[in-house]
Amino acid sequence: MALPSSSLSSQIHTGATTQCIPHFHGSLNAGTSAGKRRSLYLRWGKGPSKIVACAGQDPFSVPTLVKREFPPGFWKDHVIESLMPSYKVAPSDEKRIETLITEIKNMFRSMGYGETNPSAYDTAWVARIPAVDGSEKPQFPETLEWILQNQLKDGSWGEEFYFLAYDRILATLACIITLTIWQTGDTQVQKGIEFFKTQAGKIEEEADSHRPSGFEIVFPAMLKEAKALGLALPYELPFIQQIIEKREAKLQRLPSDLLYALPTTLLYSLEGLQEIVDWEKIMKLQSKDRSFLSSPSSTAAVFMRTGNKKCLEFLNFVLKKFGNHVPCHYPLDLFERLWAVDTVERLGIDHHFKEEIKDALDYVYSHWDERGIGWARENPVPDIDDTAMGLRILRLHGYNVSSDVLKTFRDENGEFFCFLGQTQRGVTDMLNVNRCSHVAFPGETIMEEAKLCTERYLRNALEDTGAFDKWALKKNIRGEVEYALKYPWHRSMPRLEARSYIENYGPNDVWLGKTMYMMPNISNEKYLELAKLDFNRVQFFHRQELQDIRRWWNSSGFSQLGFTRERVAEIYFSPASFLFEPEFATCRAVYTKTSNFTVILDDLYDAHGTLDNLKLFSESVKRWDLSLVDQMPQDMKICFKGFYNTFNEIAEEGRKRQGRDVLSYIQKVWEVQLEAYTKEAEWSAVRYVPSYDEYIENASVSIALGTVVLISALFTGEILTDDILSKIGRDSRFLYLMGLTGRLVNDTKTYQAERGQGEVASAVQCYMKDHPEISEEEALKHVYTIMDNALDELNREFVNNRDVPDTCRRLVFETARIMQLFYMDGDGLTLSHNMEIKEHVKNCLFQPVA
């Protein structure tokens, strides 16, 4: 038989697999011993052999003679055994975990206005205040004594275990001025002067990003005081002259009325602006907490100039809390709560502190302001750092907050800054805005603008080491930025984020305000110790579960199936990466087994079975009839027996969990799934390219995520009524968006390879069919836009679907996210052996954290 060369050559493609239902080019009648007329069909193939011979009575009963080939699975039993660590959960670990949980719960419950460390700089300013009774003594002698007792061995004041030249120089200058004013501590003053002389010349070597807030305002002003007091300091150093020039330039740019028009960050540094401040006007900007922007030093300066009783009340309030010293700012109640919640969530230990997190967020929400929030509830100057953190966390926990709050921090050029009217921004605040921007709802253009702006800034920051950081000195802020850019919200699975943040988290991180300060309820060893113990404990349970599932796979005979992908470990990694808590072990097992069947049956319907056999398989599921297995070929017998036995067991366990029969429910879920598979097989048989809408209607089901979720949901620990099931059912928008986004990300990364293997229908190809005037690149871009919009809508469904139990919502939403991770760079399931997914599986399941 001869085939026209143009017909044959136009159909031959390279590839590793053979199309499921062939495009037939010709046939040759052949007799059989049974006397039936059969035909030999030739078709183009997709494996090493480009022309495939098939025999059958008609095209739709033709079994392939060349098996579809997939890359072999990496995670074989011997590989898993070789990676099994010696770690086991010891009773002492369990006891320590319980102790840490109790201690951290107490930490949350004791949160008041914020815990922080002493500021020698601010304490020196408070110690300056003369007694209000007219005696020639300090109003707060305990603060003066603190200065005398807390000079460091090198003659400086500040944090003993952290050295930043700017911070030490500033604190030391403030302390020697105060001691000189009170004519005490001559020895300490002299040692402080010697320190200043030796270090001031080296300060130029310090990164500009380490310069405290307002340094160029307060430092020159204090130097002027020191000179008037006769302190022998190196006033002519080039560095000092440069700082003085910066101060003068900044003051010249300052509009005369801005200082009094509305609260700004200038209120934080009034002690450095005393010669220009109108004290009567400035009193109108005093905060509700009686301070000036929560700054003890600024408030002390105002009190010494005005005698305002409210200022004195604020200082008494702070000293009542801290005793003989003051911090660099106080209160810090919103900042402390938000960052503590963020910390335990990123470390993956938040499941131990649900009530404490709710209490903390209720507190923050009760002080939420549509204009933004600052670090304290009565802080009149909002900042983008606290606001973005609050917007993201509150939204994800179901609080009603609007993204319009970010407009406060955007200038006319569309750039985002930390404080209103300023150009200051740092890596940490832009990172928090970026993280916030990914929890957008549909139509929130401000979130898209924030995403683009911050991504640009952060990518540039990675190339510029000087950009790290304006507001914080963190252990590995670069690592945090790299993770956030590579794994944004819709790709960031909880276990992967926990693993990454355990490595990046600094239990001794410090922040930069006017001086360096620490937040022990945000950065501490207890969080990190619990995170490591809990991660390794959970991972140990996961490895045991994976071994059980591997035994199920092997005992069911699935390892004998040559036509399908063996991806048991990768599939188990999916639920383990997000529904990781020990109490969801059964749910993870059901999720994994169901997912494995979706892969087996997808490969069966897509590339292996004839239409007749596929219809028989579907009918067997519909009738739930094991007797029909006798009519199936051997490999399909293995499939159906395993399917039948597994879901009978799952249904029985589901009956116990739900208190009612769930087998018919599971059957119906699978009937819908197999109908979608069958339709795709029928399309492929005749090389039919549907319209985009027709394709998506079926493909959002055939992606099989809904089947996995709808069956697994029965094991989330909740009694699911018909009403609840309907809210995540096939007709729900929530489930549809999960399937849609999963299908689109799959198609965008696989359509070219599958087209080379003979597949004719994908979101991109179907969209091009509807719009023949556009290019493939334009169609792909449009599909990405549809997916991005759907992800925004999925965010909204996840946040607002509060009638659905939390674990069910997580199940739907996280299943959508795991698809974004698997297909971020290609087909992460089929090609998982040589992709980053392999490392994720290893880190999540086999490699304990040290």
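Cβ coordinates are placed from backbone N, Cα and C, and glycine is handled just like the others.
Note that the coordinates shown come from a computational prediction; the quantities given were computed from them, not determined experimentally.
Matching 602-606, 632-636, 677-681 against Swiss-Prot, the residues noted as motif 'DDXXD motif' span 602-606. Checking the ranges 383-386, 591-594, 651-654, 691-694 against Swiss-Prot, the motif 'DXDD motif' annotation falls on 383-386.
Here D606 (Mg(2+) 1 binding site) is compared against the binding-site residues K250, T750, E754, and the shortest C-alpha distance is to E754. Applying an 8 A CB threshold to same-chain residues 6+ apart, the list for T750 (Mg(2+) 3 binding site) reads S762, Y823, G826, D827. Taken as a whole, the motif 'DDXXD motif' (602-606) shows an average pLDDT of 91 in this prediction. Long-range Cβ proximity for E754 (Mg(2+) 3 binding site), meaning a same-chain Cβ under 8 A and a gap of 6 or more residues, is found for S762. Its Cβ taken as reference, D385 (Mg(2+) 4 binding site) is surrounded by 27 other Cβ atoms within 10 Å in the chains shown.
The separation of D602 (Mg(2+) 1 binding site) from K250 (substrate binding site), Cα to Cα, is 67 Å. Counting residues per DSSP class in helix, strand and coil order gives 5 helix, 0 strand, 0 coil for the motif 'DDXXD motif' (602-606). In sequence order, D747, K749, Y751, A753, E759, S762, D827 are the same-chain residues whose CB sits within 8 A of the CB centroid of N746, T750, E754, the residues recorded for Mg(2+) 3 being left out.
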